[in-house]
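One structure below.
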Ligand SMILES: [Zn+2]
């Protein structure tokens, strides 16, 4: 089986989020067979919901599609290092592999901050692969926040 990255789809969701005035973060959930079953970008402003991060929306949709509250054998791609809330949701969902793009020194919860998956209370830790598509993800975020100033 050859590895196929779905980060380009996540980046497209991040760009779509920026176009809606949302922080440009995109996420994709891929099933065991390699099919994209959910994709989402941030919608916190649109829905007045501070939990409407791309990862949460993608996991909710994937669980709906799968008809299950857990997604073992599923992988999640996200353009930015997940925050602590999303990292916890990824753990609860039993995601198999987490691929993320840019590091987030300000709000990340995986490689810095609370390091949710390294915490003794984390009942499930996905395999984590970082830095995929990181440059493009960081560029989108930088352009977005510069335009806000
Ligand atoms: Zn988050």
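The backbone N, Cα and C atoms fix where each Cβ goes, glycine too.
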Which of 53, 119 belongs with 83, 86 in the Zn(2+) site listed by TrEMBL: 53
Within 10 Å of the Cβ of residue 55 (active site, proton donor), how many other Cβ atoms can you find? Include all protein chains, please. 30
Given the Zn(2+) site 53, 83, 86, its other Cβ neighbours within 8 Å of the Cβ centroid, in chain order, are 25, 54, 55, 56, 82, 84, 85, 87, 89, 107, 109
Students should find that the Cα atoms of residue 83 (Zn(2+) binding site) and residue 55 (active site, proton donor) sit apart, in Å rounded to an integer, by 10
Tell me the Cβ contacts of residue 86 (Zn(2+) binding site) under 8 Å, same chain only and six or more apart in sequence, or just say none. 53, 55, 56, 78, 109
